[in-house]
Amino acid sequence: MHRIVLLICLVLGSWATSLSSREAANLSEAFITSVTLSSNGLSYYVVIALGDIQFRVSLDTASSDLWIMASSCSTSACQIAPRYPLSYESATYQAVNANTTDFVANYADGTGVTGFVAKESVHVSNLTVPNQAFALITDSNVTMTDDISGILGLGFPRISTINATSTNSRLPSATPFFPGLAQRGLLQYPLFGLSLTRNNTGTLSLGALDSSVVTNLSNVEWNPVVDFSPFSNESSTSSYYQWAVPLMSLAVNGTSVALSPSYPTISANRSIAMFDVGTPGIYGPWADVSKLFASFASARLVDEAAGQWAVPCDSDITLSFTFGQRNFTLEPSDYLIGETSGDPGLCLTWPVALDPSPDGIDWQFGTPFMRTVYTIFSYGIDALEPPMIGLYSLGNATTPESTSFINSFLASASETVATTLPNSLLLTPSVTTPAYSLNTSVPAATGAIVQTALATSTYSPIFGAVTTVPDSAALNLSAIPLITPSPTVATYTVTDSAGIISTSVSHFSVPSIVLGAPPGWSSAGFTICAPMLPSILLSVAIPSLLSLLLRCTPLDLS
């Protein structure tokens, strides 16, 4: 007779309760949800719900607003995506000024969206945020893939179009999604973490760190975020603007490359680097990037307008960037983009050179770099603690990548890039630094302690007043909350009569979801049976399992 033991690593939790009820009870929790790489490799998305309608949204840490395409948007970019049905009368939808509060967002690539501001309950994992201000897009030339319907911004309020609009209109309580959670004290700690992997999956954690990734907190390198002076049309105080920190140094194969900050007298002679999950590349100023590739044998500038270099595909050179006191190294498989069609022996590569930005941000580290680290965005605490970025290295760059490994990577992960190579060597262009666009009469400092707009002061600070690179030994690491993602496999162990043990693994099925439509919606009347979001909430404190609540409401759309 066989004895079968089923081992399932399952963490149970309570079903989502409304944010307002947890707030009233003075409860704070942590949440985690899966992150997926789009099929074109340009963005990472999560599934959220507006009311009871589910959507895929791209994550973006360089913007702060949530926007979703609306059913009234008829452009080709909108037509291919699930859209919020304006004819559906959601019980949790709130019009703002009769849908007349305009929303406009323009992006560096020349694309943009327009629409209007509204409010709706937003669900991410088991977190429910009622009355969240967001934008419904009625015109767009931003093309999405994979049924992605919009963007979830995770940046500071200063760069929120909706938040800026609220100060000049009848739009109360327009705080962006994540800052709102931090300011109301509704997370275990005011931070979020991003795990981005090469195999198309990852996690977004809110209020805690993913314990399946971060196994040694002492190896996290913490960096105070840079405070920025105001623009001329803003208030007369400095504030946090982007998730940006000082870049201390750069090295090619261990040899230092001198950095040239765009505005050295303003930035205390330090280069400023921004981290953005919405950027599918690595970008730096011409002065730094040209010196970097001068250290590569046979590197060529192949597109002056795009700032694009190519290097031999069999390169074994490593690139190291120093943040705080720790080096973070990129192997060829991290920075190579793909083979050029004009010369299969040459590969396009990151970083790409850009003209200096008038806000003083020199470098942009997007997903090629962020896949090599677990990135932690700590929002800071009013009057107690500055915002911080924590970097936890995921790689081991002590052993060089072999040529066969790189060839295998290029064959499996990249396509040949259509490229017209120049017939002669291109020279690095002369670049003019524009006038600094911020008000230098208002001082700003890295790691400045500000009195408002960060997380509520009811949080106990982990970092305290940090104005320089913090010493990990002085941090209260035990206070940093951790969370474990839901299991994806079950392990079966079978012991037969002879005592021989065999093991098999079964993957849990992933339930299908309907995007852009309420459950059961048809052109006639229908009944919606809408359970609370069925993902598992993993409480940092004491998990519990509550029975599933099912609410069935007949609707008449005639």
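One is the number of the first residue shown, and numbering goes on along the chain from there.
Here the Cβ of each residue, glycine as well, is placed from N, Cα and C on the backbone.
Same-chain residues at least 6 positions away in sequence with a Cβ under 8 Å from that of D60 (active site) are, in sequence order, I151, L152, G153, L154, G155, D276, V277, G278. According to its DSSP assignment, D60 (active site) is in a strand. Annotated active site per TrEMBL: D60 (among others), in sequence order.
If you look up TrEMBL, you'll see D276 (among others) marked as active site.
Its own atom aside, the Cβ of C73 (disulfide bond) has 22 Cβ atoms within 10 angstroms in the protein chains shown. Per TrEMBL, disulfide bond is recorded for C73-C78.
Among the features that TrEMBL reports, domain 'Peptidase A1' is placed at 44-392.
Sequence annotations record features per position, and here TrEMBL assigns signal peptide to 1-16.
For the recorded site, D276 (active site), the DSSP three-state label reads coil. Summarising the environment of C78 (disulfide bond), the number of other Cβ atoms within 10 Å of its Cβ, over all protein chains shown, is 24. All protein chains considered, the CB of D276 (active site) has 25 other CB atoms within 10 Å. Taken residue by residue with DSSP, C78 (disulfide bond) is part of a helix.
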